[in-house]
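Over in TrEMBL, the protein carries these features:
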| type | residues | note |
| --- | --- | --- |
| ACT_SITE | CYS361 | active site, nucleophile |
| BINDING | ASP263, ASP308 | S-adenosyl-L-methionine binding site |
| DOMAIN | 145-430 | domain 'SAM-dependent MTase RsmB/NOP-type' |
Amino acid sequence: MRPGARIQAAIEVMTDVIERHRPASVALADWGRSHRFAGSGDRAAIGNLVYDALRRRNSIAWKMGSDSARALIVGAAPEAMGVTAADVIALADGSTHSISPLSELEQAGLDRPLSDDLPAHIKGDFPEWLSGEFDRAFGACAVAEGEALARRAPLDLRVNTLKATREKVLKALEKYGAEATLLSPVGIRIPAPQGGKRAPNVEAETAHGKGWFEVQDEGSQLAALLAGARPRLQVLDLCAGAGGKSLAFAASMQNTGQVYAYDSEKTQLRPIFERLKRAGARNVQVMDAGDAAGLDALSDRFDLVFVDAPCSGSGTWRRRPDAKWRLSPENVAARLEDQKSVLQMAAKMVKPGGRMVYVTCSILPQENSEQVRWFCAEHEGFTPINYVDEWQQQLGSDAPVSSTGDNVGLQLTPARHGTDGFYISILSRNT
Ligand SMILES: C[S@@+](CC[C@H](N)C(=O)[O-])C[C@H]1O[C@@H](n2cnc3c(N)ncnc32)[C@H](O)[C@@H]1O
């Protein structure tokens, strides 16, 4: 496909996303199925246009003077395709399948700089109704944090130390520009693709098939490392989902002790079996999904209960930018209730002297520090542990500074730490 046709195709996909409220990945897959002639390069370029437009939706709409699918895609095109505004104007020649010529207004929008006095939610590309939460979370840094959440994310991998070393995986993925992560000692990063380039399909690599690594954001790796899953412990991964953390624990525990992987949803849990097999993880017991009675029978037993709580996902907007605009106050309220319910359940499972680790991939204080405060008020036997000391002990390096400014919980963000937005709080059970 010619570049002008790719822009037109992206407008069609974006129309589907906006008008029919469909997830971008579904709209893109549907478009691919009904346009079989399009190659993988075309699909990647169209995907970049759609995702970049969603990442920077507010600022692009302001520049272009419209929130229409066409305005958003045209506004995103220079950066998404790695070309100049003049190139985009020239590409829109109205030839068969291509985008029609740009109006004067559209042309002017491509060159319009953002003015300094714009509100934070426009400059930082986050939903206006979350302005208060962004302000509470980041104060004067709200725009910078929003901007970082609106950039493309790198591809992060966790080396499976049961089967490989970081050096070995770095060598296997050298061709993709793989480099060691700065914070996680078992992490590897492939930088985000620029312009029209696409991210490599690392899961098609032999090294992945052999179980040498898993795709996992560095923030997620750090949450698992900070939890302190040592050899021979009894660990409960309470919201195990596809098992990302259970796999990391199995590696930290050198396949000794026991990890119980539980989730209320069997469809979430389903991929864990294949992943465990590939990784050579032998100390993970997958519980029946939703088996509350089975879980109850294990009360007061665990050295470590890890709560990877259901949340708004606001920390992962770089990877799922459409979720940013679908999120509603009602969704957040529902997740807050879910979090309280899993925290209540988790409290019963920790043995005296054991610990609970509460994690979200969110940057909203409501879901993070405020839930921990609520939990501690309800459960007198639990006390938050200073994460700075814990980091030193578990990772043997100096802890990064949390964007919350305190040591109760570690809030990681793309702007400060280069990871997805993650919140990690460690609580010890004293009685
Ligand atoms: C953030 S995801 C977990 C991701 C997973 N730990 C990983 O690393 O791949 C949250 C999970 O919590 C599960 N969940 C929601 N409510 C739950 C509950 N009451 N008990 C157990 N799991 C629950 C969801 O099904 C979902 O899989």
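Positions of Cβ are set from backbone N, Cα and C atoms, glycine also.
Small disclaimer: the values here were computed from a predicted structure and weren't measured.
Around the Cβ of CYS361 (active site, nucleophile), the same chain contributes GLY219, SER220, CYS311, GLY313, SER314, GLY315, THR316, ASP420, GLY421, PHE422, each under 8 angstroms and 6 or more positions distant in sequence. In sequence order, CYS239, ALA240, GLY241, LEU269, ALA289 are the residues near ASP263 (S-adenosyl-L-methionine binding site), counting only same-chain partners six or more apart with C-beta under 8 A. Just so you know, the Cβ of ASP308 (S-adenosyl-L-methionine binding site) picks up 25 other Cβ atoms within 10 Å once every protein chain is counted. In the three-state DSSP scheme, CYS361 (active site, nucleophile) falls into the coil class.
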